[in-house]
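Everything below concerns the one structure shown next.
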Amino acid sequence: MLTDWMQLAITQAKKAGVATYQNPQVGAVLVKDGQVLAQGYHHYFGGDHAEVDVLRQVTSEQAKDATLVVTLEPCSHYGKTPPCCERIVQAGIRKVVIGQLDPHPVVGGKGRQYLLDHDVAVVTGCLAKEVRALNPHYNHFYTHQRPWVTLKTAMSLDGKTNAAGDARTLISNQASYADSQRLRSQFQALLIGERTLTIDDPQLTVRLLTVSHPPVRLIVLNTSAVARDRRILQETTGETWLLCRQASVSDASLQALPNVEVRIGDWTPAAISELCVQQGWQSLLVEGGAHLQADFVAANLIDEWVSYIAPTMIGGAGLPAVMGAVPTEQLAFEQPTLKWLGTDLRLRAVRKGVE
């Protein structure tokens, strides 16, 4: 029965979608005498945690001596909300079944220990693999101290992303476009290079659906030749960070733009990854261009690859999806999934050994 109840908790957790932002998706189920009394989840970033959401639905008499099944270890510290562990103990919960211990260093086993110290029985690891799949970016960030990095490409059958020259080439269909918007919504930072900014003039925003915390837009710039009328520089939803490799880029007109942050430095993939850690951005979607993506491949700093493949040929003069540097070792991917999006095909695969 524990696995059945944990599966219910997993289903609850998924209801939040991306609304939890930098918090993990968490679901909970309260059980007593073999009967489910309440189900709940963490609805949004800064809101009640799943444990509190469940306890609010029952009386104190119902909660006493009940079993709480929760996907992630309850917190024992004061953050945006009071500690869930205190609330669990005060409610008289007799047993807590945990799917996964929290990798966040502030929690990291402390919640489990708090419950044990207060005579609450604890079971851990129930449906652990399924529970971990709820929050791959969160888990990766706090386990490895770096963001989860996904490369996104849109290419032709012959592996090209653009025709020759500086004209933008539309490859993907509308179904792929809509899917790519959903993909963006799952990330906390989006990254492009200067050539992509110049050729595509993207907004780099999430459209077709609403997100409470728009992803931060990151642009790596090599020169100061940036037109101030670029759409991304006029965008007021969310932040835009200009990662400049030359100090001359950081002029007064750029600094004065609304919601724009300018940083000067040697913006290698490792440096960009470290910036994400400093800012707490747990996930990074590298959207282009080909040279920038190749730099991440060469640095072995990718965890996932998502490619939209269209049934068309561009030819020998087109730009390859990834070009430039090569990795120092073979990169193997696993867990491949294929999805038809009209006539386009989406391939999604995770780097072998990544968790």
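Positions of Cβ are set from backbone N, Cα and C atoms, glycine also.
Caution: TrEMBL annotation is automatic and unverified by curators.
Site annotation (TrEMBL, ligand substrate) includes L204, R207, E287; from R184, R228, the additional listed residue is R184.
Secondary structure of the domain 'CMP/dCMP-type deaminase' (1-114) per DSSP (helix as H, G, I; strand as E, B; remaining residues coil): 39 helix, 25 strand, 50 coil.
When the neighbouring Cβ atoms lying within 10 Å are counted for each of the recorded positions (E51, D200, E287), the highest count belongs to E51. Calculated from their C-alpha atoms, the gap between L204 (substrate binding site) and T196 (NADP(+) binding site) amounts to 11 Å. Closest in space to C75 (Zn(2+) binding site), of the recorded positions given as E51, R184, T196, E287, is E51, taking the CA atom of each residue.
For R184 (substrate binding site), the nearest neighbour among the recorded positions H49, E51, C84, D200, judged by Cα separation, is D200. Take the mean position of the Cβ atoms of A154, T196, D200, the recorded NADP(+) site; other residues of that chain with a Cβ within 8 Å of it are T161, N162, R168, I192, I199, P202, E287, G288, G289.
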